[in-house]
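Visitor: Okay, these came from TrEMBL:
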type	residues	note
REGION	B:1-50	region 'Disordered'
COMPBIAS	B:17-32	compositional bias 'Polar residues'
TRANSMEM	B:79-100	transmembrane segment
TRANSMEM	B:126-147	transmembrane segment
TRANSMEM	B:159-177	transmembrane segment
TRANSMEM	B:217-240	transmembrane segment
DOMAIN	B:221-293	domain 'Sphingomyelin synthase-like'
TRANSMEM	B:249-269	transmembrane segment
TRANSMEM	B:275-291	transmembrane segment
Amino acid sequence: MKEVVLWSPEEVTSWLTDSAVPEYCEPLKNFTGRDLINLTEEDFKKSPLSRVSSDSGQRLLNMIEGLKMAHHMEAHKNGHTNGHVRAGDAARQNGFGAALKLNGVPNGFKKEMIKIPMPEPERSQYPMEWGKTFLAFIYALFCFVFTTVTISVVHERVPPKEVQPPLPDAFFDRFDRVQWAFSICEINGMILVGLWFVQWLLLKYNFAHVYTRRGKKKVWNTVLQQSIISRRFFCIVGTLYLYRCITMYVTTLPVPGMHFKCSPKLFGDWESHLRRIMKLIAGGGLSITGSHNMCGDYLYSGHTVILTLTYLFIKEYSPRRLWWYHWLCWALSMVGMFCILLAHDHYTVDVVVAYYITTRLFWWYHTMANQQVLKEASQTNLLARVWWYKPFQYFEKNVQGIVPRSYHWPLRCPALARGRQVKYSRLVSDT
Amino acid sequence: MSTIETAKLEEHMEGQPNGTSNGYSRPTLSVSEENKNGASKPKGLSNGLRKTAKKYPDYIQIAMPAESRNKFPLEWWKTGIAFVYALFNLILTTVMITVVHERVPPKELSPPLPDKFFDYIDRVKWAFSVSEINGMILLGLWIFQWLFLRYKSIVGRRFFFIIGTLYLYRCVTMYVTTLPVPGMHFQCAPKLNGDSQAKVQRILRLISGGGLSITGSHILCGDFLFSGHTVVLTLVYLFIKEYSPRHFWWYHLICWLMSAAGIICILVAHEHYTVDVIIAYYITTRLFWWYHSMANEKTLKVSSQTNFLSRAWWYPIFYFFEKNVQGSVPCSFSWPISWPPSCFKSSCKKYSRVQKTGEDNEKST
């Protein structure tokens with residue numbers, strides 16, 4: 001269908017007839033498309049239009065608006081650029097050809113910019129949404145604090161090791177305790193967390209441009225990808241610690257070894273409780289910092305959670321070709337878990353259950369996040385039956401597709417790095 | 001055109017079994033005969049469509065993979081394999097219980113662990129029987145329902161695989177760390193200390209009694225993490241709900257109540273720690289939903305970079321079982337025993353075009 005500006009009077013008439021307003025055919029019979037668009041309410045106050053119009057032309061004006069929107073016209077803009085506020089007058093006399101001559105440029109060809117609606121023209125594929133990330137961070141923080149409080153509560157109920165000796169464990173039967181092993185585990189954990197943090201800092205958003213309402217806009221490259229990934233990390237680690245609170249609280253396992261030196265019980269002294277909680281949070285829950293001398297938080301192992309989860313995130317959000325890096329992290333993670341058991345600091349079942357829950361939750365979350373079809377609850381989508389599905393939808397609904405993994409050096413090597421990145425942007429996105 | 005294509009393909013399939021019914025033993029010949037003769041009385045729907053197809057001699061046959069093959073092949077042999085797998089895991093669990101029993105610390109040395117539920121609710125003696133009776137009723141209902149499913153083999157396969165895997169996990173958690181008995185009321189059988197024959201006898205006794213205390217077969221201790229009773233109660237409820245019509249809400253509600261009551265009664269009877277029940281519930285529901293999501297969604301059946309669900313260790317086995325199942329198994333029922341042919345065949349014939357071809361194949365075999 002031709003654009004409205006290019007309509008001849010015959011086409012205008014036929015449109016008026018088709019739109020069931022034939023009463024306007026007679027007064028507007030010499031109107032071209034251009035004149036039609038430039039009709040205003042004032043025109044309807046004067047004859048001949050005032051005679052035929054019963055509603056001051058409201059209905060017709062609305063229909064013309066609809067036409068304009070359908071043809072992406074901005075009549076007033078054209079009117080101004082062409083130097084005529086009311087191009088209709090001249091056109092009415094001279095017809096379509098005159099309009100062309102007056103402007104010197106055929107309308108709709110060179111000076112006009114036709115906007116093609118893109119599916120998401122104002123938003124990028126990976127919106128920043130720092131608000132959501134902050135919310136996820138608060139959630140994780142809350143779960144951490146809640147875990148600390150639970151440990152403090154559970155500590156009161158741990159039976160003393162004289163009354164309740166350590167439970168029989170298949171690993172402990174075969175391997176004797178090694179004293180320094182737990183420090184290795186914690187050091188490994190700290191290295192992995194550090195590596196993950198550094199990796200997170202180096203993330204780069206693949207597309208350099210983001211389309212907003214005003215056109216293309218360059219956006220801070222680093223922050224978009226970081227926002228989404230850190231949101232996921234906080235959500236998952238928060239949920240894992242929440243689960244941990246539950247399993248720790250409902251049943252209290254005895255200490256896994258006689259070497260444990262548990263702090264004395266407090267029996268309701270709230271101030272000391274609070275101080276202990278603060279100390280535990282400040283030390284990050286690690287024994288190596290001397291903050292963790294409370295007992296009872298065995299099922300399931302928080303150290304295993306961190307070791308496994310950081311490894312999974314490191315592997316997932318780093319380029320595939322860095323296989324040696326993945327192997328290194330895997331080795332750190334495995335050695336860390338083995339050392340937990342070697343130090344007799346957790347039962348084997350704690351580590352096994354922690355590993356299982358962490359991997360399943362990570363894979364479940366990421367599968368749902370990567371497949372658009374799983375983001376809607378349906379009869380065949382049984383993954384949506386988890387209790388955290390609604391929050392998940394809230395966090396991930398605007399993330400379309402897979403977050404690409406690409407990196408850049410934080411320091412600027414202007415010509416070299418930037419140029420190279422732009423060239424391979426299409427290749428890199430596929431890895 | 002597409003309807004003609006469908007009809008044409010259906011004719012190809014039904015050509016052989018229904019050859020005699022149309023009065024032509026060689027349906028392909030009949031078409032050429034019709035062409036020669038130019039006119040023939042339309043005998044049934046298929047001939048009429050064939051005639052209309054003649055008007056468009058330049059049609060192109062579009063191969064439709066789903067139509068030419070059954071979307072839900074029965075493959076009973078795979079169900080057999082799944083059954084063997086489940087049986088193996090069940091026996092392994094029984095053996096494991098016997099082994100673990102030897103390592104349970106006596107309740108005098110190792111008193112029951114502190115448990116939040118036990119702190120608030122005292123023990124009720126008959127509650128465990130309630131739990132086991134509920135379990136047996138639910139299992140009975142499920143078997144009854146299963147007999148009426150149209151795609152018994154596929155659903156049975158899934159049930160056996162999931163329950164086998166859950167019991168395998170249970171073996172692992174039971175074995176690695178042995179929890180003490182949850183209550184002083186436990187009467188554990190004496191330890192055998194290496195008497196293998198007596199151990200085998202115990203295993204057989206446990207299997208024959210189905211692992212239930214109510215049959216007197218379960219006198220062994222140590223199988224606490226995680227709770228097998230919870231697994232069965234939860235899993236059977238999930239299967240009942242998944243494979244029954246959606247509008248049977250009263251049926252679902254009853255089963256849910258029985259399942260929930262059974263689980264609570266386990267705790268009320270102080271037969272398992274709370275953490276055993278929670279972990280059992282968690283692992284059962286997650287495995288069930290994971291497996292069924294993969295089975296229902298085509299994109300999740302193939303292993304790819306974005307499909308993390310395929311990273312489970314049992315993915316190859318899953319793929320073996322489910323690769324020929326196209327899409328979500330529809331909830332349809334049929335009589336478990338087929339009536340004599342004359343009762344059903346005539347009434348189904350008229351609707352042969354309305355029903356799916358898969359159903360027709362089943363009915364006629």
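Using the three backbone atoms N, Cα and C, a Cβ is placed for every residue, glycine included.
Heads up, TrEMBL stuff is auto-annotated, nobody curated it.
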Visitor: Pull the DSSP breakdown for the domain 'Sphingomyelin synthase-like' (B:221-293) and write it out as helix, strand, coil residue counts.
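Guide: Breakdown, helix to coil: 55 helix, 0 strand, 18 coil.
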Visitor: Find the member of B:79-100, B:126-147, B:217-240, B:249-269, B:275-291 that has more C-beta pairs under 8 Å to the transmembrane segment (B:159-177) than any other listed stretch.
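Guide: Against the transmembrane segment (B:159-177), the leading stretch is B:79-100.
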Visitor: Cβ under 8 Å, sequence separation of at least 6 from the ends of the transmembrane segment (B:126-147): give me the contacting residues as numbers and ranges.
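Guide: For the transmembrane segment (B:126-147), the sequence-distant neighbours (Cβ-Cβ under 8 Å, at least 6 residues beyond its ends) are 155-156, 159, 212-214, 229, 232-233, 236-237, 239-240, 243-244, 255, 258-259, 261-263, 265-266, 268-269, 271, 336.
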Visitor: Sort out the residues at least 6 away from either end of the transmembrane segment (B:79-100), same chain, that have Cβ-Cβ distances under 8 Å to it, and list them.
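Guide: Apart from its flanks, the transmembrane segment (B:79-100) reaches 153-154, 156-158, 160-161, 163-165, 167-168, 170-171, 174-175, 178, 199, 202-203, 206-207, 211, 220, 222-223, 228, 321.
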Visitor: Could you tell me the mean pLDDT over the domain 'Sphingomyelin synthase-like' (B:221-293), as a whole number?
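Guide: The predicted confidence over the domain 'Sphingomyelin synthase-like' (B:221-293), as a mean pLDDT, is 93.
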